[in-house]
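Engineer: Sharing a structure here in structure tokens format.
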Amino acid sequence: MAMVVGAWRDPQDDVPGAQGTQPAPAPPVQGPPAGTPHTPQTPGPGGPPSTPAQSNAASQQSQGDKQQQQQHIECVVCGDKSSGKHYGQFTCEGCKSFFKRSVRRNLSYTCRANRNCPIDQHHRNQCQYCRLKKCLKVGMRREAVQRGRMPPTQPTHGQFALTNGDPLNCHSYLSGYISLLLRAEPYPTSRFGSQCMQPNNIMGIENICELAARMLFSAVEWARNIPFFPDLQITDQVALLRLTWSELFVLNAAQCSMPLHVAPLLAAAGLHASPMSADRVVAFMDHIRIFQEQVEKLKALHVDSAEYSCLKAIVLFTSDACGLSDVAHVESLQEKSQCALEEYVRSQYPNQPTRFGKLLLRLPSLRTVSSSVIEQLFFVRLVGKTPIETLIRDMLLSGSSFNWPYMSIQ
């Protein structure tokens, strides 16, 4: 098939009668001689010139030859009969329409096999992922589609999906992606209450636990509404959130300036009511200190809401989760989120060339905050011994993040 592409890159170059070639006149049948019979292109002085009818006949014959030859051109994607050159390559109408629709809508496809499905006339509709992959591989050009008139509609969540795992590296596209991340945030500052934004305010035990529950719910609800995540298999969604919920919790705590005073935290964990050895108390307080340090380091960078959204997306889309059905796809989503953050920081903070690196360097240390400590500090009073991972799974499977059985979240 590749040989066909090379042979028909410009069909006019190989067709008789193309531009620059004068059709030979028909040899005279009657009348005086019109020059030597071996050189009909240069008739003698007495020879009659070509008539319009003869030229028209030659042109029609040439056009017919071109049409006949073009009918034998195969679609470089599926091998069906080509209808012409579309977006840089000869394709059939079906592959042309499929490619245009996929690029204009930025549709995301998933291969259920090994990303190497056969694409021919009989199988081209069985795997959209591999069909689009082949369209790009044979040289169909995205930019040729995007130069066309775009529908004047507001982009929706699905319109910012990846194609073939490759992000569209343009500023407007990444800006749109960040806008959708921000739009998915279910928790404006006011939702957590005024106490959250008052670092010097010492919150009561009940308020601390309620705030923690709100932040956990918000992390799950945000993930359910950002681009790409809802398109993943539910098992992958559960695996990603079960691994990263504690890191998202720390980012949310920093974003809302959650007060982290030691005494209320120890009381919330119930440590004041149960006897503990001195060593265990010291170890637990060390965990609290690590939590406090991570939050303070993020607050010191004055991270804005767009940066927080990108950081959370980078954390969420991690290929470290066990049992992912498509590791490469999740990696591409993380890379896309990282590119969006880099583009945003470069445009919004041009005088801080090291800002992007500083933000990324904060992420690995988030895992130093023990998830079991977060559970004991904030959730043991609400859910007892029920693992947070189980609650996250139930929230995703139920389709609602705000069905907490132990308290009412307004």
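Even glycines carry a Cβ here, placed using N, Cα and C.
Swiss-Prot lists these features:
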type	residues	note
COMPBIAS	24-51	compositional bias 'Pro residues'
DOMAIN	173-399	domain 'NR LBD'
REGION	1-68	region 'Disordered'
REGION	333-410	region 'Important for dimerization'
ZN_FING	75-95	zinc finger
ZN_FING	111-135	zinc finger
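Any idea what these are sitting next to in the structure?
Structural biologist: DSSP assignment over the region 'Important for dimerization' (333-410) gives 53 helix, 0 strand, 25 coil.
Using a Cβ-Cβ cut-off under 8 Å and counting only residues 6 or more beyond its ends in the same chain, the zinc finger (111-135) has close neighbours at 77-80, 91, 94-95, 98-99, 102, 163-164.
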Engineer: Report the DSSP secondary-structure composition of the zinc finger (75-95) as helix, strand and coil residue counts.
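Structural biologist: With helix first, then strand, then coil, the zinc finger (75-95) has 3 helix, 7 strand, 11 coil.
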Engineer: Over the zinc finger (111-135), what is the model's average pLDDT?
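Structural biologist: Value for the zinc finger (111-135), mean pLDDT as a whole number: 87.
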